[in-house]
Amino acid sequence: MLAFLVPVLILAMGLVGAHGTESPTCAPLVTADMDNATVDRLLGHWVYIMGASQYPPHMAEMRELKYATFTLFPGSHEDEFNVTEIMRLNETCVVKNSSKIHVFRHNSTLTHEDGQVVSMAELIHSDKDLFILKHFKDNHVGLSLSARTAEVTKEQLEEFEAQLRCHGFKLEEAFITSPKDACPAAGEETGEGSAAPAEPQLG
């Protein structure tokens, strides 16, 4: 999935170049406290803003991802979400609603299950309208930023970009989505597909 799902920005495109040479202040990422309030606030609609990954297959997927949203619904079990993802992969809009996310409160971890593919990420403490994940896959690390809307503040974006640099990413290695590539309303131009969603994928 995404995201685990990536977001947006007119703003972002300018900032990626503007801050690429600054030395970041590398405060360690703090995982979220997975209490009932935190789990409940994850429900609902999210827009994937941007992300970066060291894992080559995820990097390839992210190159294809132009825009993505995901919505989390209560699952049939406690600490389980059903996921609907809508994304544009190059020129094709794909809708996926068969995956699940499981919450592991003891270590602030989310796992995303899509068929036989399982990916994992830590939920990072952040503003209530942000969804920041630190992804793990075969000793590779990734970071992704999603938000309630396709717009984030300059300060929020700069903080995330600083964390990318702290984790060894160059800002030009980050993949940023754009609202102009949002998929049309249901029924206009949607396509079913089995292609793995980029960083709407945990991992």
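Backbone N, Cα and C define each Cβ position, glycine as well.
Here is what TrEMBL records for this protein:
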type: COMPBIAS; residues: 184-203; note: compositional bias 'Low complexity'
type: DISULFID; residues: C26-C166; note: disulfide bond
type: DISULFID; residues: C93-C183; note: disulfide bond
type: DOMAIN; residues: 44-181; note: domain 'Lipocalin/cytosolic fatty-acid binding'
type: REGION; residues: 180-203; note: region 'Disordered'
type: SIGNAL; residues: 1-20; note: signal peptide
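For C183 (disulfide bond) paired with C166 (disulfide bond), the C-alpha to C-alpha distance reads 33 Å. Every protein chain considered, the tally of other Cβ atoms within 10 Å of the Cβ of C93 (disulfide bond) stands at 21. For the disulfide-bonded residues given as C26, C166, C183, the lowest number of other CB atoms within 10 Å of the residue's CB is seen at C26.
Separation of the C-alpha atoms of C93 (disulfide bond) and C26 (disulfide bond): 37 Å, rounded to the nearest whole number. Averaged across the domain 'Lipocalin/cytosolic fatty-acid binding' (44-181), pLDDT for the predicted model comes to 94.
Note on the domain 'Lipocalin/cytosolic fatty-acid binding' (44-181): DSSP counts are 31 helix, 76 strand, 31 coil.
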